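Novice: This is the structure I have questions about; it appears just below.
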Amino acid sequence: MVDMGALDNLIANTAYLQARKPSDCDSKELQRRRRSLALPGLQGCAELRQKLSLNFHSLCEQQPIGRRLFRDFLATVPTFRKAATFLEDVQNWELAEEGPTKDSALQGLVATCASAPAPGNPQPFLSQAVATKCQAATTEEERVAAVTLAKAEAMAFLQEQPFKDFVTSAFYDKFLQWKLFEMQPVSDKYFTEFRVLGKGGFGEVCAVQVKNTGKMYACKKLDKKRLKKKGGEKMALLEKEILEKVSSPFIVSLAYAFESKTHLCLVMSLMNGGDLKFHIYNVGTRGLDMSRVIFYSAQIACGMLHLHELGIVYRDMKPENVLLDDLGNCRLSDLGLAVEMKGGKPITQRAGTNGYMAPEILMEKVSYSYPVDWFAMGCSIYEMVAGRTPFKDYKEKVSKEDLKQRTLQDEVKFQHDNFTEEAKDICRLFLAKKPEQRLGSREKSDDPRKHHFFKTINFPRLEAGLIEPPFVPDPSVVYAKDIAEIDDFSEVRGVEFDDKDKQFFKNFATGAVPIAWQEEIIETGLFEELNDPNRPTGCEEGNSSKSGVCLLL
């Protein structure tokens, strides 16, 4: 007799894996859709031109398409091009591995800067003062200081005349066309939906693919009726707003927010490699190799610091919320419990997961802030090494009250053979009972990345994505439960929506998120394709000036 559940799972997995293959981007259907796309005409950009803020950091550094077009513009003016090339050389030096190559690059930069500004000088964007410093530099420290000054001057130069000329150029016109294209309405027709990957309190998470680019994402579908019945609207909106503010390679990105008839949808980074909890307990011997522990911990620390810099406390750090991508890099996910520090005011509301909550969260009416995340980080590093949490053994049955008392009173023990001295030390420091004694919180400049546990990690290269992960997930494996194991939600009855609800849904559905959307457009080749003046198109003449999308989405 055929097992229909197993058959359904096989079909769902096969379709999902097929969609994930890079070759799928070459499908005839995808190419047909892309031929039917065109950028909006310039005449439709007049209002946007008036509204858009001319902020250099946003336009030319943060937004990928703006950055790309600004770079292309600089290449058309010799003086501007030299400044841009110099900054690229500085970045390459900063990201180079320590050794003779990096030393040689530094000396080359100093020599480049040492020429005094004069007619015909190849570095007119640098001052005489910087040239003099470079000429006088004899030690490595002096050379680094001189190049740092030169970098600042080159950046300041680009923000003046080059930027002014850029925003009156055809390159900026093209940017406006892309911004208008970015602002098109988004609905469920924009995506192809694949298998369910999991579920949460208000709905399910499924894999989706953008029809026009082939890009795969995870879509968190929040049931509107369930949200209203459980009073979850505020939490959902807070998670969305926090995700919109965060742009970090170590935190899942929000790419789209839209509504369907029944759901509010958050479309985010698809992490195909599973979560760290799965890898700790379900792949080989419990626990992870130390090389993986160090690598993941370094990326987690970077993500945590990015949140803290934005005034956000994560409050739900645990291996289950750390997801791996196709290449083996990890990102923090599920920001549903994250909270913004309003004016630096501490928080008192209890939130988190048992076994990872810091003592100050567990104590009644005690305020807390960023240090709680470092405590949970200590719990997570311990778990990655030992295959158990610090205050509860693997599969041990412990009441919430007992676990609370252990967290408040017990000193952490290191009985697992895999603990190195560095791992023990960083766990002890993260698991300090008092937040003011905790690593990352002892003083303003207390940076966990400086701990000797991370001595093998070059953090600038890590942040630039230049370090190869120690483990790469198997691309032929679906790291998710069988669809039969994912519970269905019961129907929510007796919930009606009023005008206030409908307005909330409308406000929630803001469409594409600029940075993530622009990254998708460049990554999938659509940027080059739509910018090509010679490309064949399936649009009728004149359609592009009206909508920018000739094919119904």
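In case you wondered, yes, glycine gets a Cβ from its N, Cα and C as well.
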Novice: Which one of LYS189, LYS215, LYS220 goes with LEU197, GLY198, LYS199, GLY200, GLY201, PHE202, GLY203, GLU204, VAL205 at the ATP site, as Swiss-Prot has it?
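Specialist: Swiss-Prot lists LEU197, GLY198, LYS199, GLY200, GLY201, PHE202, GLY203, GLU204, VAL205 binding ATP, and from LYS189, LYS215, LYS220 it also lists LYS220.
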Novice: Run through SER23, SER36, SER399 and tell me the one Swiss-Prot describes as phosphoserine.
Specialist: SER36
Novice: Which entry in the list of binding-site residues, GLY201, GLY203, has its Cβ near the fewest other Cβ atoms, using 10 Å as the limit?
Specialist: GLY201
Novice: So what pLDDT does the domain 'RGS' (56-176) average out to?
Specialist: 91
Novice: Are there residues of the same chain, six or more positions away from ASP316 (active site, proton acceptor), whose CB falls under 8 angstroms from its CB, and which are they?
Specialist: ASP334, LEU335, GLY336, LEU337, ALA338, ALA351, GLY352, THR353, TYR356, ALA376
Novice: When DSSP is mapped onto helix/strand/coil, what comes out for ASP316 (active site, proton acceptor)?
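Specialist: Once the DSSP labels are grouped into three classes, ASP316 (active site, proton acceptor) ends up as coil.
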Novice: Summarise the domain 'RGS' (56-176) as counts of helix, strand and coil residues per DSSP.
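Specialist: Its residues fall into 91 helix, 0 strand, 30 coil.
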